[in-house]
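**Student:** Below: one structure in structure tokens.
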Amino acid sequence: MPRLEELANVALRVPSILVLDLLYKCDIEGLTEHLKAKNEDMLFKYKYVIWNMYYLGHLINVVVLVLPLRHIVTLYLHMLVALLLYMGHQISKDYVREELQYGYEGAVYLDSLAFNRFVSAMTSQIILSTLCAFLMKTRKVWLFSAHMLPLLARLCTAPHTTLLTVNTFSMGLSGAAITMFLLSNLFVPYSLARAAYSELLQLEVIELYRLLAVGISLWNQFAVPVLFTVFWFVLFVVQLCSDTMSGNAASAAHQGIMFFLLTSVSECCATPYSLLGLTFVVSYLALGLLNLCKFYLGGYAAVQNENVMHRGVTEGVTLLLLALQTGLLDMQALQRTFLLSIILFIVVTSTLQSMIEITDPIVLALGASRNRSLWKHFRGLSMCLLLLVFPVFMAYKISQFFHMDFWLLILVSSCMLTSLQVTGTMLIYSLFMVELFRSDPIESLDEVIYWVNAVSRVLEFVVALCVVAYGTWESLFGEWSWMGASVIIIHSYFNVWLRAQSGWRSFLLRQEAAKKINSLPRATAQQLQQHNDVCSICFQDMSSAVITYCGHFFHGNCLRKWLYVQETCPMCHQTVQPSQQGQNQPFGDSPAAPPQRDTEPEPAAQEGDSNPNTDPHQEMQSDDIKPPGST
């Protein structure tokens, strides 16, 4: 039952949106201009009535759209009963017309043809009346039997002129009953709105977070994304059938199936309702594609781990904003088709970028974790190959259809950036795999990976810089517009300035970390043997190490990576500073008892530091001497 209610909640609201979409497409201005009347006064009245009916149609459909589900079901049941009553009256009308044509006015049971016709019509009327009573949940079948009066009159051998009168009377009786019912329920929407307003007042939705909670609750209750998605698919199917039956498919076969589909899609986004429906459709398609990418790379468990940024919302919002910003709704069909193709190209590029964000950590984790599953590696590499080739193919195709300008350059550059990111990921993966098949690890692997990333980021920066330079040149010496200037400013800030700032900050951080590592003393073999412990960062044995001035031992590469993140010692959280001039030896052999920074050095240590000819063995012995009272 919950599934059935969810289905009914969507299916019963779709007709209201379809009617609103049709009302939006109605050219009321053109209709009123072609009206003809005897005088200006009558023409004004006609226009007044038409506009009132137009607004009333909007109001009624909006009210039906926001009704609770049980009231919508009741409304549709009443509409179905009205339709059944209309069918009953049509059956009676057809029966009376056939009787008039047949010309027999005697008892129906005396003529076989008249009797068969009567039995057939009476059976249909009884079924309709019973069905109406069943839908209205009542046993008073006679309430819905007004359309049977002509048949009862014929059974009483009434003359043909009387049959016409009785038929007209039965139709008037049903119409009066329907009118009384509508008048008695005329204020039901007002009562519902008043009850909803009272509930809102009780909830005290004056506060923003409560108002937001009510909005989210209504959004979920009406299933807005699913509702508009179903509405758009219905509209799209109707448009496809209309184009196929009108012969447009034959002419589109010469231009390609893609152009035919794009034309149909553009026809289905000519109103705000259909554009909103297309937005949700694109969001669901992007979500499905991203989930398919996750499932292909990591299986069902990866699909369950949802990222807020990978739910298709970005793609849908991008399409909606670009459509509103470029005035898509106000364009002609052909112009709308070409503009929509560009917008969908941008949306696909955004989806590919999200797929890269999903693929990149999985592929790098496969290489870094030394996973030997060939199937996992094949899936990761095949996805990278797809993300490498497909953007290039898209850029080639779109450059074939449009003349190169600033906007097309932005589209092509986004494809180039996507391919560059995938190339950097595959190079780093290759380095991990090379280290996997080596007997000894690559000491400078981290530096190599950094420079691979740096080259990739520099190329991305150069591409963004070229786009800004071309756009500036076109704005200064070509056609200038506020839209182009705003895009250049935004592109310059986000894709040029922020990238340059981030890259330079990362470079300075690495330089400072390398300077600190190079200034730290290296542990001797005897110190490593006496330390006899693993690196506290990577938990691996140490064949070489550096010693911080707080007396802790680490691998040089491990400590360098740590200093990229923060400038403190991983063990005691003291700040790691580069050595001062003349400090070339560690303070002591034992890291468990580091020297106190605030105490003055011992005279023997001062003499040892000041005498360059001192024997290193004597220095080690002097370091082992402890002050009196120490443990």
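Every residue, even glycine, has its Cβ placed from backbone N, Cα and C.
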**Student:** TrEMBL tags one of 7-25, 482-500 as transmembrane segment - which one?
**Tutor:** 482-500
**Student:** Can you work out which residues elsewhere in the same chain, 6+ from the ends of the transmembrane segment (275-297), have a Cβ less than 8 Å from its Cβ atoms?
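**Tutor:** For the transmembrane segment (275-297), the nonlocal Cβ contacts are 17, 224-226, 228-229, 231-233, 235, 265, 268-269, 303, 305, 310-317, 319-320, 323, 328-329, 344, 347, 350-351, 354-355, 358-359, 362, 379-380, 383.
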**Student:** Where among 169-190, 211-238, 338-356, 448-470 do we find the most Cβ pairs under 8 Å to the transmembrane segment (141-163)?
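**Tutor:** Answer, by Cβ pair count: 169-190.
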**Student:** Per DSSP, what is the helix/strand/coil residue tally across the domain 'RING-type' (535-573)?
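**Tutor:** Summed by class, the stretch gives 10 helix, 5 strand, 24 coil.
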**Student:** Under 8 Å between C-beta atoms and at least six residues away from its ends: which parts of the chain pack against the transmembrane segment (112-134)?
**Tutor:** 81, 84-85, 87-88, 91-92, 94-95, 98-99, 102, 104, 106, 140-145, 147-148, 151, 154-155
